[in-house]
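Student: Take a look at this one; I'll ask things after.
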């Protein structure tokens with residue numbers, strides 16, 4: 001009788017062993033001792049734009065540069081990226097990779113939230129004005145870096161790190177317009193500039209409050225200490241000495257307010 | 001025998017458990033989204049490609065979307081010009097019979113249309129190398145006012161509003177969302193499949209039985225090795241460098257070449273060395289398309305080279321060629337025509353309903 005097999009001792013053993021083996025196979029692989037949980041918080045950074053100490057007013061306010069050239073700003077945009085903190089031991093702690101396009105015309109872009117701030121005592125914040133060369137070289141990007149944002153040069157690949165546009169009586173262009181598009185990530189015309197600002201705070205484990213700081217960008221710094229003249233250079237549309245000159249100025253424009 | 005029924009039930013239950021376990025493993029976390037992966041067959045003897053698809057996995061659906069975009073004339077500002085309009089398959093994806101690129105509103109650019117094949121081996125794009133990645137290369141013709149003249153944001157809105165595009169983006173990327181990143185990655189996938197490495201020359205090099213140069217072709221190959229190969233290096237038939245070949249400057253076009261990109265006067269009048277593959281199918285010649293016939297190019301190298309500060313040392317004194325040598329070179333270049341590229345049905349135009 002074939003059914004006798006079900007009563008055989010060996011078969012009973014196999015039958016009992018099978019589900020046990022199956023259960024063992026299905027059991028989740030134990031993780032090799034989980035590392036102790038690390039506490040991270042966020043850091044909020046509000047940016048305001050000022051001209052000679054007062055809030056920047058686009059389109060209607062007429063300003064004057066150190067050369068006495070009168071001008072109106074219509075567009076003011078720039079990238080910030082590669083945020084890092086410096087701790088009290090002098091160590092640089094990079095934060096989660098993020099690229100921000102700050103546009104004076106869009107208030108929501110002036111409120112940055114930085115992620116992955118670890119526990120520690122921090123003394124400074126550090127960031128890049130612009131988009132690093134790695135991103136400039138690695139093909140199409142999305143989000144703030146998407147090409148339809150109008151901050152990308154197509155004929156000579158690369159991001160416009162910062163742009164200021166407007167009109168000036170001094171400009172000799174047809175409609176007295178000026179367009180300063182500052183970009184270029186290759187030597188000798190590399191405009192990438194790192195900024196480090198003192199900013200003191202402490203992150204302790206399970207802290208509830210998110211550290212919050214205000215940063216000011218003083219647009220008047222675009223015109224000093226290097227001469228920046230609308231009469232001489234109304235249009236900057238590619239990497240070059242004129243762009244580097246402006247970048248050397250605007251590197252000084254940021255400060256922490258509170 | 002009392003427990004027989006019990007054992008049968010246990011055996012059956014175990015089987016069920018196994019079946020269940022197997023079923024679970026087959027379920028992916030993709031929620032039903034599935035693409036068919038593609039592998040490019042690269043010609044033997046070619047170097048490692050510069051563009052790798054690690055961040056843009058090649059799929060049947062992605063290539064199909066890229067092909068649809070490539071041939072969609074609605075991409076241009078006035079719906080008259082597609083990518084394929086200037087890059088014609090029968091001309092090895094160059095523009096037959098047109099010296100300079102032209103686009104919307106009958107406008108003309110200042111350079112000739114480059115051929116599109118073996119793009120994944122290029123380090124940089126355009127005649128001057130100004131574009132640094134294959135994925136962003138289409139940005140230039142799309143947004144150039146003299147070519148397709150489109151506003152990228154408007155184009156994305158237009159695509160998002162088209163059910164056919166939404167369906168194709170969904171098939172290629174999992175959701176209907178049209179983004180510039182997806183669009184450019186799809187175009188890159190399609191253009192990446194344009195590979196030319198199967199000409200009669202290739203068969204001869206690979207010692208395919210029966211494939212051989214005629215005596216004139218063989219003489220032409222020897223001439224090529226002596227006079228052309230230093231810049232038009234095998235197997236791509238270009239060394240991808242930028243050189244001035246001594247082509248006289250045209251004031252009307254005022255094109256300074258690579259100097260425009262580097263700002264370095266040493267790059268004055270330098271342009272990328274083009275491939276000689278499919279050269280007889282892709283006239284006109286030179287960055288400004290000034291020569292319509294390959295024999296004009298031979299004549300130029302024989303006695304037309306202008307010696308300037310940046311003219312390449314290899315051609316500074318010209319490359320003397322007798323009439324017989326020109327004929328032999330022509331016959332050799334003819335063996336570089338790749339009919340599997342020109343006639344590949346997977347690359348041909350798709351009709352786009354308005």
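Glycine too: its Cβ is placed from the backbone N, Cα and C atoms.
Feature table excerpt (TrEMBL):
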type	residues	note
SIGNAL	B:1-21	signal peptide
BINDING	B:83, B:86, B:87	heme c 1 binding site
DOMAIN	B:215-337	domain 'Cytochrome c'
BINDING	B:228, B:231, B:232	heme c 2 binding site
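Mind mapping these onto the model and telling me what they sit next to?
Tutor: DSSP gives residue B:87 (heme c 1 binding site) a coil state; it is part of no helix or strand.
Taking Cβ-Cβ distances under 8 Å and a sequence separation of 6 or more, the neighbours of residue B:228 (heme c 2 binding site) in its chain are B:276, B:319, B:329.
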Student: What is the separation, in Å, between the Cα atoms of residue B:232 (heme c 2 binding site) and residue B:87 (heme c 1 binding site)?
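Tutor: Cα to Cα, residue B:232 (heme c 2 binding site) and residue B:87 (heme c 1 binding site) are separated by 22 Å.
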Student: Could you name the residues, excluding B:83, B:86, B:87, of the same chain that surround the heme c 1 site, i.e. Cβ within 8 Å of the Cβ centre of those residues, in sequence order?
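Tutor: Nearby residues not in the site list: B:70, B:82, B:84, B:85, B:88, B:93, B:95, B:113, B:116, B:141.
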Student: State the Cα to Cα distance, in Å, between residue B:231 (heme c 2 binding site) and residue B:87 (heme c 1 binding site), rounded to an integer.
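Tutor: Residue B:87 (heme c 1 binding site) has its Cα 24 Å from the Cα of residue B:231 (heme c 2 binding site).
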Student: Compile a sequence-ordered list of residues in the same chain as residue B:83 (heme c 1 binding site), six or more apart from it, whose Cβ lies below 8 A from its Cβ; state 'none' when nothing qualifies.
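Tutor: For residue B:83 (heme c 1 binding site), the qualifying residues are B:69, B:70, B:71, B:75, B:138, B:141, B:187.
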Student: Can you tell which of the binding-site residues (B:87, B:232) has the fewest other C-beta atoms within 10 angstroms of its C-beta?
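Tutor: Ranked by other Cβ atoms within 10 Å, the binding-site residues B:87, B:232 bottom out at B:232.
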